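Chemist: First the structure, then my questions, so here it is.
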Amino acid sequence: MRIWATHLDTQSQSWSNIAPPSCHQTHPGYNCVWLEIKGNTTRDAWRFSTTVNGEQSVMTTSPCTLLRWCVESWAIWRPSPGLRLLSMAKEKFQEKNLEPGPIWFDNLHCTGQEKTLSQCPSNGIGVSDCKHSEDVGVVCSDKRIPGFKFVNTLPNHVENLDIQVEDVHIRPILSSYRKRIPVTEGYVEIKDGGKWKQICNTQWTQFNSRVICGMFGFPAERKYNARVYKMFARRRKPSYWDFSVNCTGNETHLSSCRLGQAVSLKSNDTCADGMPVVVSCVPGRAFAPASVTGFRKAFRQEQALVRLRGGAIVGEGRVEVLKNGEWGTICDDKWNLASATVVCRELGFGTAKEALSGGRLGQGMGPVHMNEVACTGFEKSITECPFNKEIVDCSHEEDAAVRCNVPAMGFQDRLRLSGGRNPYEGRVEVLVEKNGSLVWGTVCGGGWGTMEAMVVCRQLGLGFASNAFQETWYWPGQVSADAVVMSGVRCSGTEMSLSHCLHHGEHISCAKGGGRHAAGVSCSETAPDLVLNPQVVQETTYMEDRPMFMLQCAYEENCLASTSSQVPANSYRRLLRFSSQIHNNGQSDFRPKANRESWVWHDCHRHYHSMEVFTLYDLYSLNGTKVAEGHKASFCLEDSECDEGIEKRYECANFGEQGITVGCWDTYRHDIDCQWVDITELKPGDYIFQIVINPNYEVPESDYTNNIVKCRCRYDGHRVWMYSCHNGGSLSTETEQTFPGLLNNQVTHR
């Protein structure tokens, strides 16, 4: 079957071809039958063409119709276990003035084992009472589906040679490697015709090993003891694959390599004075064996010049580079897999699975350091790659991101969610060793919070946490797993596995027990990301002397220093005032943790409090001692302003819904109550001013490191100056260390 598409821009009324290889380039290893839709999908039409058994069909359609067609066709050839329903807006059809097609299925009930949707029970094909406002779509799991084809470059140019293999892996041979996780050394084996076969090493190169290690999540290859493997090959005669592989070394996956010469085999048990291919890979430090020797031999980043931010799992995120002591992003112009792979290897991961553009993993703040990056794939650092120094028309809407191959650690096999309404929620159950056997059990709900839930969702590959639950009586899990097997869990939020977090170990202590009081989570593929604009803080700071009798409401909200309770009503308080502008640069709206029914009405200010503490304001001396503080309850979360093209969704008036929409910001003006720090007793001198948003991690975010702003502050007793304001983590480590207080809002130990 052949498949291609042409794209109609309704403004220019011109069609342009979309090349089928784009899918294979962005998702190596997939037998792709879908096409990535680029451009303005709210106005553009698509013409989709197929050739089946020599007959061509053409369909002009909207992206929604295209997605429905692709999903059904994809299920015929490659049923995918990881599907997620999406709602499709009716307005998309109306905007393109295209007539929607028929609705073929309603009330589908699939078990997951069917090969096509038509095999699932339903109302019947074409029997439906649905409207197109109820159309659904799917997003398939990004896990590699076994089976890929090699590019044929045999010298006789035989056409239609279909060399397709089912899978590839590294099989540990030596006993010292068989129990190691991850597998870093062993035979390279290809599954062909249902059997695992070795590759003859007579035409194998170091470039091939580089690609194999990269696709399995390792940044580099290393030498191994060939003598031991020769002895092993003599004792057990291998079964060889019929072909060789020819990689250039900058491929991201073995399926992108060219097919080499057919190997001359003798009775399929030897390969002309050769032996089976062996690779030995260097793991990144995060995946190194637990021993001191293994950690010492692991790959290490020479200089911290690149980092990832905003990703849900290890090995993905927005790419940021350090230049002139300040972290900035990369513009996505000409961003591709070769450049993304350089970033991944530099950070101790393997090759890149995806090179993402358009701020897909959240938008950064600060400068854009690089544009039109053009790496060959062999550079040691992204900073060595050629790039265009002219950053013209590049905004953070074009921030580049990556998803890297990481080693298979098996963490997801030791954790599960049970009893939920969908795979993204449920009671947390862990697999532990007890009395010599592995048993499933629950986690104590006492002290369970957002950071612990974040680790669970990451470990299962389900994205970010959306809620953490200390009671799960409404989710009946496995009865055999009711017993508590883990308690006292405290995570920093960055761990790859729940077992890496602090916990009580074998001495379980859980006052309420498991069962209905076990810990639970709900996960989401997206999360908000609040970032405070430091420039607004710096430009709006001033000082005010305000009489105490005008601060009664602020006094009731604990917005004044503790000494204010001991002064007469006709005295004054000296207030350090400023405005704060809080942006949501994430991928989903920021909503208060509490639902509106539990918001507290404050009669003094005539408004509702939706969060107990939303921001903290502190002044530190230069040696790190806190000398003044303030806090602001979230009296209202709303969209004050939004980027162009984004509509406001949240407002405080009339008991409206509270929140901050993606691409919008909430401004707390300097002239509202509690938007200050009480500095009445402060002595003149130099200080550090610090603001922390969402300090108690009540609402999950994709990145907590940028929730803090720090400024230098000078007070002479009569005037105040604020300067050098910046977001936490936006400067180099050396510069950050000159600012006392928190480095950022990411906890490292709890």
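Cβ coordinates come from backbone N, Cα and C, glycine included.
Whatever TrEMBL says is automated annotation, not expert-curated.
So TrEMBL lists these for the protein:
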DISULFID  Cys110-Cys120  disulfide bond
DISULFID  Cys247-Cys257  disulfide bond
DISULFID  Cys375-Cys385  disulfide bond
DISULFID  Cys491-Cys501  disulfide bond
DOMAIN    35-141  domain 'SRCR'
DOMAIN    170-282  domain 'SRCR'
DOMAIN    306-405  domain 'SRCR'
DOMAIN    415-524  domain 'SRCR'
Chemist: Taking helix as H, G and I and strand as E and B in DSSP, count the residues of the domain 'SRCR' (415-524) in helix, strand and coil.
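Modeler: Summed over the domain 'SRCR' (415-524), the classes give 19 helix, 40 strand, 51 coil.
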Chemist: Looking at the disulfide-bonded residues Cys110, Cys247, Cys491, Cys501, which has the shortest Cα distance to Cys375 (disulfide bond)?
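Modeler: Of all the candidates listed, Cys247 is nearest in space.
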Chemist: Quick one: Cα separation, Cys257 (disulfide bond) versus Cys385 (disulfide bond), in Å?
Modeler: 23
Chemist: In the structure shown, with every protein chain counted, which of the disulfide-bonded residues Cys110, Cys120, Cys501 has the densest set of Cβ atoms within 10 angstroms of its Cβ?
Modeler: Cys501
Chemist: Just counting, how many other CB atoms are there within 10 A of the CB of Cys375 (disulfide bond)?
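Modeler: Cys375 (disulfide bond) is surrounded by 22 other Cβ atoms within 10 Å.
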Chemist: Cys247 (disulfide bond) has how many other Cβ neighbours within 10 Å of its own Cβ?
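Modeler: 22, counting other Cβ atoms within 10 Å of Cys247 (disulfide bond).
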Chemist: I'd like the number of other C-beta atoms within 10 A of the C-beta of Cys491 (disulfide bond), please.
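Modeler: Total other Cβ atoms inside 10 Å, all chains included: 23.
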Chemist: Please compute the mean pLDDT of the model over the domain 'SRCR' (306-405).
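Modeler: Summing pLDDT over the domain 'SRCR' (306-405) and dividing by its length gives 92.
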Chemist: A 10 Å Cβ contact count, applied to the disulfide-bonded residues Cys257, Cys385: which residue has the minimum?
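Modeler: It is Cys385 that, of the disulfide-bonded residues Cys257, Cys385, has the fewest other Cβ atoms within 10 Å.
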Chemist: Restricting the comparison to the disulfide-bonded residues Cys120, Cys385, Cys491, Cys501, which residue's C-alpha is spatially nearest the C-alpha of Cys247 (disulfide bond)?
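Modeler: Closest candidate to Cys247 (disulfide bond), judged by Cα separation, is Cys385.
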Chemist: List the Cα distance (Å, whole number) between Cys501 (disulfide bond) and Cys385 (disulfide bond).
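Modeler: On Cα coordinates alone, these residues lie 38 Å apart.
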Chemist: Can you break down the domain 'SRCR' (306-405) into helix, strand and coil residue counts using DSSP?
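Modeler: Secondary-structure composition of the domain 'SRCR' (306-405): 16 helix, 33 strand, 51 coil.
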Chemist: Distance check, please: Cα of Cys110 (disulfide bond) against Cα of Cys385 (disulfide bond), rounded to an integer number of angstrom.
Modeler: 49
Chemist: Between the Cα atoms of Cys120 (disulfide bond) and Cys491 (disulfide bond), what distance do you get, rounded to the nearest Å?
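Modeler: The Cα atom of Cys120 (disulfide bond) is 42 Å away from the Cα atom of Cys491 (disulfide bond).
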Chemist: Could you give me three numbers for the domain 'SRCR' (170-282), the DSSP helix, strand and coil residue counts?
Modeler: 30 helix, 34 strand, 49 coil
Chemist: Quick one: Cα separation, Cys491 (disulfide bond) versus Cys385 (disulfide bond), in Å?
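Modeler: Cys385 (disulfide bond) has its Cα 37 Å from the Cα of Cys491 (disulfide bond).
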